[in-house]
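So that you can see what the record holds, here are the features copied from Swiss-Prot:
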BINDING   R41  L-glutamate binding site
BINDING   A75, S76, W99, T152, D171, Q194, N236, T237  pyridoxal 5'-phosphate binding site
MOD_RES   K195  N6-(pyridoxal phosphate)lysine
Amino acid sequence: MKKHNFTAGPCILNDLVLKDAASACLNFAGTGLSVLEVSHRDKEFDAVMLEARNLFKELLDVPEGYEVLFLGGGASLQFYQVPLNLLKKKAAFINTGTWATNAIKQAKIMTQVYGGEVEVLASSEDKNFSYIPKDFVIPEDVDYFHFTTNNTIYGTEIRKDFDTKTRLVADMSSDIFSRPIDVSKYDLIYGGAQKNIGPAGATFVLVKTDVLGQVDRPLPDMLNYQIHIKKDSMFNTPPVFPVYVALQTMKWYKELGGVKVLEKMNLDKAALIYDAIDSSKIFRGTVNPEDRSIMNACFVMKDEYKELEKEFATFAASRGMVGIKGHRSVGGFRASLYNALPIESVQSLVSVMKEFEAKH
């Protein structure tokens, strides 16, 4: 039975990427060594790192003045590293979910040590993060404005580039490469690579170099973006295998036609699942329709059918649907529609939903 992987992360990977990665595990770039054991200082991996950074820029049409880093530590480390490098007096945030909450928490911890302020402009916590706040103004007297573009747990997404003179910092862990973005509007974009780029273990940072070096506090080398830029992401041993797989994924994106093609594919997948939810007699969505994520579709049973949730979870699993259980803070179900998920998988899930509904 074919399995359909809707897991929220680590993400589904394309079969061609997996086959290439499997081959490299036995013989990487003709070295006779596994990519899992090759030295990161070898010229073969140096070429991988360089190509990965350059292709990242190419896919997003990154202008001059930006650098791409592949680091360890995940987005969770960036929650502290970003304010450590950028926050001088004040940073502004909007709180749209768990990961934004964590970013705010770590920024506040940083200010407790080094001074500065954290201002939360708006929050959707009052309705369990089921919408994106819109009634706020981005101040111009802050060092930067931070937001999380896609909220995997709650299924909301900010699919626009804010137009402001204030420096923009975005956590794009779960929707990077899912749509075109105007990189010139951002000063720093970061995220874990395990949603839309590769396996867990790598973290990407896209940073405008002229925003760095402006804080007067001492920075540990491992948390200093300028050190990592100077060392081409190899100040310490990088996540070799995740970077290799990320490169193969980005090559596949390029072969498909780039980010605009990926966006069309993602919109088509999202339309399928949301149409099924909206037309259902037993399922309903959990967030404001205008704020729906094209990466993570969250839904629950309508109140009168709540007792069927466990039955549907078992039924869907028996039909090959993997990873559709919703986060414990929301409940219900979540279908993650990351770039590598084929539309056939979404069609299969919709068929399963309709089959189950017909029984009840």
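From the backbone N, Cα and C atoms, a Cβ is placed for every residue, glycine too.
Our reading of the pyridoxal 5'-phosphate binding annotation (A75, S76, W99, T152, D171, Q194, N236, T237) yields a largest Cα to Cα distance of 30 angstrom. In this structure the C-alpha atoms belonging to T152 (pyridoxal 5'-phosphate binding site) and R41 (L-glutamate binding site) are separated by 36 Å. Here the recorded positions are R41, K195, and the one whose Cβ sees the fewest other Cβ atoms within 10 Å is R41.
For the pair Q194 (pyridoxal 5'-phosphate binding site) and R41 (L-glutamate binding site), the C-alpha distance works out to 24 angstrom. Taking CA atoms as the reference points, S76 (pyridoxal 5'-phosphate binding site) and K195 (N6-(pyridoxal phosphate)lysine) are 14 Å apart. The two recorded residues, A75 (pyridoxal 5'-phosphate binding site) and K195 (N6-(pyridoxal phosphate)lysine), have Cα atoms 12 Å apart. Neighbours of T237 (pyridoxal 5'-phosphate binding site), defined as other CB atoms within 10 A of its CB across all chains, total 10. Secondary structure at K195 (N6-(pyridoxal phosphate)lysine), taken from DSSP and collapsed to helix, strand or coil, is coil. Cβ contacts within 10 Å of T152 (pyridoxal 5'-phosphate binding site), excluding its own Cβ and spanning all protein chains shown: 25.
Within 10 Å (C-alpha to C-alpha) of R41 (L-glutamate binding site) lie the following binding-site residues from W99, D171, T237: T237. The Cβ of W99 (pyridoxal 5'-phosphate binding site) has 22 neighbouring Cβ atoms from other residues within 10 Å, across all protein chains displayed. In the three-state DSSP scheme, T152 (pyridoxal 5'-phosphate binding site) falls into the coil class. For the pair K195 (N6-(pyridoxal phosphate)lysine) and N236 (pyridoxal 5'-phosphate binding site), the C-alpha distance works out to 24 angstrom.
Taking the Cβ of N236 (pyridoxal 5'-phosphate binding site) as reference, residues of its chain lying under 8 Å away and at least six apart in sequence are, in sequence order, M222.
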